[in-house]
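Remarks on the structure that follows.
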Amino acid sequence: MPRATVDITPPGQRPDEDPSLAVRNNGGVPPPAEPAPAGRREALLVLSFGGPEGPDDVLPFLENVTRGRGVPRERLEEVAQHYHHFGGVSPINEQNQALIATLERELVGAGIDLPVYWGNRNWAPYVEDTWRRLAEDGIEHVYVFATSAYASYSGCRQYHEDIARARVVNGGGPTAEKLPHYFDSAGFVRANADALAAAIAALPDDVRDTARLVATAHSIPDAMAAVAGPDGHAYEAELTAAAQRVVAAAAPGRSFDLVWQSRSGPPSVPWLEPDVNDHLRALAAAGERAVVLFPVGFISDHLEVVWDLDNEARQTAAELGLAFARAGTAGTHPAFVGTIRELVEERRAGGRPRLGTDCPASCCFVPPRRS
Ligand SMILES: CC1=C(CCC(=O)O)c2cc3nc(cc4[nH]c(cc5[nH]c(cc1n2)c(C)c5CCC(=O)O)c(CCC(=O)O)c4C)C(CCC(=O)O)=C3C
Ligand SMILES: [Fe+2]
């Protein structure tokens, strides 16, 4: 089922300039000081990317993802094959369901009465449909947890636009606020550090202490990176900060590299480099013998992790004779889930946020291509 296209933006106007679409956002603008009003019916929405559930879903899903974004047909056909290797099923949906189940237990365990909903940008359950259910269920305010920890159009602003679109197609519904970026939160760092330590420990004795530590994240176009965050380049800066914290916790004193994976778009458009496979070639040429990849740019082991790293990058390393280990992502690590609960608790209590950071609603804007 292709997603309905809704143009939320009047010509020449950004969605955040129409106050009726405003999504409260607690960075760059003064955070709301008042606590959640007593008796207000609230919910937590896990807002994610979505992924296909079977072979017939793959192409319509890819068309949803790339509509208006100038991705060549050949790239789509190539990526479709990655999904078909897994029976046309992305692991991301099961991972989001597992996260929601763990979050529900976490909230109940902390005595917090807050229902958790799930909505996606690119596949069912579509956020537009979830929004209708929220309204029908009488929810008045929604805390939105996006399954991306970082700034950038793809990782942050597009989730704001998803909420705005869901409100427009439903003629309103609950008010909403997106929880801040959590790349530097203690729980996200702890989860990634535990995974990195386990991956290092899995290497053979003779290379364990000398293996190169390599953080990875989704590449984005240079033009998108340039406008990420209030002063630009926040995507790289936040990834660097997160990777530094993860390495400091898991392997103090060791250095690391930050490189990019899963490049898309036409070859003529520059994206962040180096690609992880090129980087492995450079490391091998420089005499390195082992690598540990840690995909700190993602929060679960979805398709771009299991295909682009466990398959392609592992293969590259094997061809180069590099010992290889890949760290897991935050997933349902208790510290990570605890941090999500804390982000919600903090917002409900009101006052200046201490946890996380966020962009002002006007940043990270990258216009769609009308192709
Ligand atoms: C920064 C970033 C994140 C991290 C933040 C976040 O998580 O939100 C992310 C996550 C993901 N990206 C995903 C999948 C895809 N991304 C694509 C295309 C693109 N990604 C981009 C960026 C990002 N992507 C960009 C700039 C494009 C070009 C088109 C455009 O300008 O928008 C395409 C099109 C085909 C292709 O790869 O070319 C697919 C299929 C999946 C689902 C995996 C699964 O199914 O398990 C996830 C979690
Ligand atoms: Fe992507």
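Placement of Cβ uses the backbone N, Cα and C atoms for every residue, glycine included.
Heads up, TrEMBL stuff is auto-annotated, nobody curated it.
These numbers come from a predicted model, not from an experiment.
According to TrEMBL, the features are:
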BINDING   S90, Y159  Fe-coproporphyrin III binding site
BINDING   H218, E304  Fe(2+) binding site
REGION    1-39  region 'Disordered'
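Under DSSP, S90 (Fe-coproporphyrin III binding site) is assigned to coil, being neither helix nor strand in the three-state scheme. With a 10 A radius on its CB, Y159 (Fe-coproporphyrin III binding site) counts 23 other CB atoms from all the protein chains. By the rule that a residue counts when its Cβ sits under 6 Å from some atom of ligand 1, the binding-site residues S90, Y159, E304 yield S90, E304. Neighbour counts of Cβ atoms within 10 Å were compared across the binding-site residues S90, H218, E304; the minimum falls on E304.
For H218 (Fe(2+) binding site) paired with S90 (Fe-coproporphyrin III binding site), the C-alpha to C-alpha distance reads 17 Å. The distance from the Cα of Y159 (Fe-coproporphyrin III binding site) to the Cα of E304 (Fe(2+) binding site) comes to 19 Å. Here E304 (Fe(2+) binding site) is positioned 9 angstrom away from S90 (Fe-coproporphyrin III binding site), judged by their C-alpha atoms. Look at H218 (Fe(2+) binding site): DSSP puts it in a strand. E304 (Fe(2+) binding site) falls within a helical segment according to DSSP. Reduced to three states, the DSSP call for Y159 (Fe-coproporphyrin III binding site) is helix.
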